[in-house]
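TrEMBL lists 6-29, 72-90, 97-116, 122-141, 153-183, 195-212 with the feature transmembrane segment. Annotation source TrEMBL lists domain 'Prepilin type IV endopeptidase peptidase' at 79-179.
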Amino acid sequence: MLFILKLFIAVICAVSGAIAGNHWIAKLYRTKENILSFPHKIFAQHESRKRYLPGVLGMLMAFYLLNINSTVLSHFFGLFFIYFLILFTFTDFEQEVIFDVMLLPFALLGLFSSILNGYPVLDHLAAGLGGGILFLVLAILTRGGIGGGDIKLIAALGLWLGSSQLLDVIVMGLIAGGIGAFLLMKFAHKKKTDTFAYGPFFTVAALLQLFVS
């Protein structure tokens, strides 16, 4: 019975989250078109996202609820963690942008999660600040190779994960991102001066951290 209940919750959250997420992203693409990398692809990306977003959310949320033993409160925040990371993955992959209006509630939820779940809040605050500063330095050193959205994403993840888990995510994300950039330059004829969407490498790393921690 518990299995069916968890599966039902995952399906409801995935379907409602996909509907809300698609509407949110479509609205942001319309109102923030000047910061998009590929505005001419908006319609095709929207149609593709409508097909894949419910399934991606459903599989991840179902796996999380069915396999991770935790409190109801932790599961509540965990579902939001998955939801926002998948939205970030789609927008960064599609248009190489992670919107501030999405990052802000994500960061606040991370702070509330740390407080309400009894995690070491000072460590999480330090992780957010330290991670943000580190990626700001990397952005300067790489002359824009790391974008502002990536900086804010790492800072927000620090509030969710704390220093130890954030470090794991950063290491995994940088290694995977480096490999991805190399493959794009090798096979997709990208140049070193071209921009890359690094955000998805960190969002996937954060999801892996959620599932194995």
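Just so you know, glycine gets a Cβ as well, placed from its N, Cα and C.
Outside the transmembrane segment (6-29) by six or more residues, the chain places 36, 39, 42, 46, 49-50, 53-55, 57-58, 61-62, 64-66, 79, 83, 86-87, 90-91, 95, 99, 101-102 with a CB less than 8 A from a CB of the stretch. In terms of DSSP secondary structure, the domain 'Prepilin type IV endopeptidase peptidase' (79-179) contains 87 helix, 0 strand, 14 coil. The list of residues near the transmembrane segment (195-212) in space but at least 6 beyond its ends in sequence, with Cβ under 8 angstroms from a Cβ of it, reads 37, 60, 63-64, 67-68, 78, 81-82, 85-86, 88-89, 92-93, 96, 98, 144-147, 149-150, 153-154, 157, 160-161, 165, 168-170, 172-174, 176-177, 180-181, 184. Confidence over the domain 'Prepilin type IV endopeptidase peptidase' (79-179), given as mean pLDDT on the 0 to 100 scale, stands at 95.
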